[in-house]
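Positions annotated as Zn(2+) binding site by TrEMBL: CYS418, CYS422, CYS457, CYS460. Summarising the annotation, TrEMBL assigns domain 'Macro' to 69-269. Per TrEMBL, the feature domain 'Deacetylase sirtuin-type' maps to 280-567.
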Amino acid sequence: MTFTKTIATTSSTPYSWRQRPTLYLRRFIRESLTTRRVSSTHPNETLFELVDKLLLLESRKRIVVPAASIPPLGQDGVLSRIALSEGDITTLAADVIVNAANTAMLGCFQPAHKCIDNIIHDRAGPRLRHACASVQPDSQGERLTTGHSSLTPGFSLPASFVSHTVGPQLQRNRGVRPSPSEEAALASCYTTTLDESLTLLGATSQATVAFPCISTGLFGYPSDLATGVAVEAVVTWLNAHPTLPWKVIFNTFLASDTHLYQSYLTSKYNAKAIVDLPSSVARPSVIAEAAALIKDSDFVLISAGAGLSAAAGLDYTSPDVFAKHHPVMVKRGYRTMYEFIGPQDWTPALQWGYYFAQTNLVRYQWQPTTPVYTLLKALFHAKNTFIHTSNADGLFEQQGFPTQRIYTAQGDYSRLQCLKPCSQQSVWDIRPFLDRGMACLDPQTNEITDSDAIPRCPKCRGAMMLNVRGGRWFIESAQQKAAYEAWLDHARTQVREKGKSLVVVEIGAGFNTPGVLRIPNENLAETTGVALVRLNIHDHDVPLTSNGVGVSEDAAVALQVIMDSVL
């Protein structure tokens, strides 16, 4: 019952259970399995078999990368047995992938955590936790000690085995270097994994072993120092086994970590082969599929979420962006633009001081820091295109897109409305209110100094608000909505009756308001002739019932590759 209520309240449209989006059901399964306790003696084969089937279906939508195809960093010496790859480690068809586990070895029981422990257990299925539970714990419930490793089968993963290892955990931001014992423990994670793998696979095997970054991030080990420890531990081990025909892969997920490995290997070992990242083995095939869908389409719906604005530098969750443009509000204790979405305990003078300053910045003066809108404009003119966006910043209009082809479903900062509202026509251009407010904005306090500049409804003299979807009082643009629905109806008719194709290019749409973009897009893509291209670094999965592909790449990078193919 709780789950039903959660879904209903995140969407602007109520859904019956038969209409629940597949992605939500998949998340429910994932979270239920994440929190499910396991018995080492009574496996639930019925559950295991059902999840196995689900994971098999999902695996068919992913690009699996043969670890053997990732080129080494050199032709001779130890570099001929080391590779660097950036991407999702669970898509590597390796002999062994390494899991940064905890001492209980049962996975992470917190569904919201996007740690590698959670991801590997999710992709491998519940058989993995059962196999881990079969390892006898000590009196403290620990199956692994820091710096040690234990291997299990990979089950539904493309990797044959998973090596679970526990790295040292440091206090984050403690400002001191790791101790010698912590450094030794981290190095041991790499060497014990390789020792255990050698015992299992044998000295004659041409094995591939892929390591993620261990102990960094939430676990506090400085990434730059961890890189050196990892490389030196692996190099030392390989040099001790000079005839072993293995390949050890350092697999990174963040570009910053990739850069650290590149810099270290280049400076210390002259690894000249690091020019084109081996990640190109994996991602371009996904992007190429997305590009082919768009290139062959007759209609394109650009569906833009907050991630697109973030890709253009307007990141509502970034303390750095906020501090740069609103230093006075930082002094008041605020850290990000995102904090201002929702009610605030502030005076009208401060409220409208911030609203006016923010609107003046993002709605009229923002300069994108990447070419994402330039790339989208090229796509817009190449196809029969409409724009559906949840962003109220007006960046599409600012960048020269025709307003008659834009539907801002969540409103627009360029408009004010009556907060009651006193009528469905009580919407006004913000400009005269903005000009008057900015003229009396105190730069030292960020407050409006003239109370008469605080907006009042011209019709009823009541309170006003930005014309954004913040409650039942929101007045939606009926004209925009009608234009969007007419275009979409025409496109779907052409798909259904003329065999045309429609591609939804969704960029940066997350789960804050999934009923606006994500869920409708997934439903659209369940129709033959309609496909969803989902560009999202973190939440790129496309449900099994929807046609299309998910791309876990920065929007600017992905769009550049796509447009090079489309044009």
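Using the three backbone atoms N, Cα and C, a Cβ is placed for every residue, glycine included.
Note that this is a predicted model, so its numbers are computed, not measured.
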Near-site residues: Zn(2+), ref CYS418, CYS422, CYS457, CYS460, CB cutoff 8 A to centroid: LEU419, LYS420, PRO421, SER423, SER426, PRO458, LYS459, ARG461, GLY462, MET464
Among CYS457, CYS460 [binding-site residues], residue with fewest other Cβ within 10 Å: CYS460
Coarse DSSP state, helix versus strand versus coil, of CYS457 (Zn(2+) binding site): coil
